[in-house]
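Pulled from TrEMBL:
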ACT_SITE  Glu103  active site, nucleophile
ACT_SITE  Glu107  active site, proton donor
DOMAIN    17-217  domain 'GH16'
CARBOHYD  Asn111  N-linked glycosylation site
SIGNAL    1-23  signal peptide
Amino acid sequence: MSAGFAICVVALALASAAQLASSRPTTFAQDFQVAWAETHVRQIDGGRAVQLLLDQNSGCGFASKRKYLFGQVSMRIKLVPGDSAGTVAAFYLNSDTAGVRDELDFEFLGNRSGQPYTVQTNIFAHGKGDREQRVNLWFDPSADFHLYRIRWSHSQIVYYVDDVPVRVFKNNEGKGVGYPNSQPMGVYSTLWEADDWATRGGLEKIDWTKAPFVAHYKDFDIEGCPVPGPARCASNPTNWWEGANYKGLTALEARNYRWVRVNHMTYDYCTDKSRFPVPPPECTAGI
């Protein structure tokens, strides 16, 4: 379940000695391909950036040409401005393995002008999802570019907005909680219509007189283990994202994380007793 749109400066390279993919400036076409609605994907800035468009005819999306197992993906995004109610843009990782898929979602839910943009995150592990959290952004994400990234290691998954962690999912396999650690995932982005649920639970519909809706991504960067690629890369403990400094949040990150949860979180599946009378075990694990 994912959606998105994009303007991308793509970065990706293999450093065989270190057995991981390290970033380098490149063009969109070198590492990505249009997944659907090619007429709605516009390469700009010499192919280093992409705009995705949504109108009454179609949304659109793109996908990486390769999959990755562990690492970090980031991009700078400028979301749909003005009245974007009913639209969803998503940047996500997906194993594309049907019912047993793994997936890590950033979904940006459009709004009526003047209302805060909501970011929904979700995590699927071995086919199990239903782990939605929503945060209202504390700035206007359509006025300028902001940095969004997902860091994925054997220890934890962390979602960041401008270096502020907004979601932490620890590896709690010891408690019987599934964790995505065996399936490589591709990088995807789409922009699409979802006015049956995206804004105020579907109460706010798309105003097609405002179309086309356009979103921009740039400075897209992947650092991870490509699959196919060096066989030992994913299990290499010397990969930077597996280091001691990344097995938990720093003191500053932990303070910022609590600030987000107290002041900007609008929904957490862990506290939704109508869905989960007994909180799932990962909800009591802390950070």
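Even glycines carry a Cβ here, placed using N, Cα and C.
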Key: Between Asn111 (N-linked glycosylation site) and the residue listed as 'active site, nucleophile': CA-CA distance (Å)   = 25
Task = Would you mind listing, in sequence order, the residues at least six apart from Asn111 (N-linked glycosylation site) in the same chain with a Cβ closer than 8 Å to its Cβ?
result = Asp83, Ser84, Ala85, Tyr117, Thr118, Thr199, Glu204
Remark   = Looking only at the domain 'GH16' (17-217), mean pLDDT returns 92
Message = Is it possible to get the count of other C-beta atoms within 10 angstroms of the C-beta of Glu103 (active site, nucleophile)?
response = 22
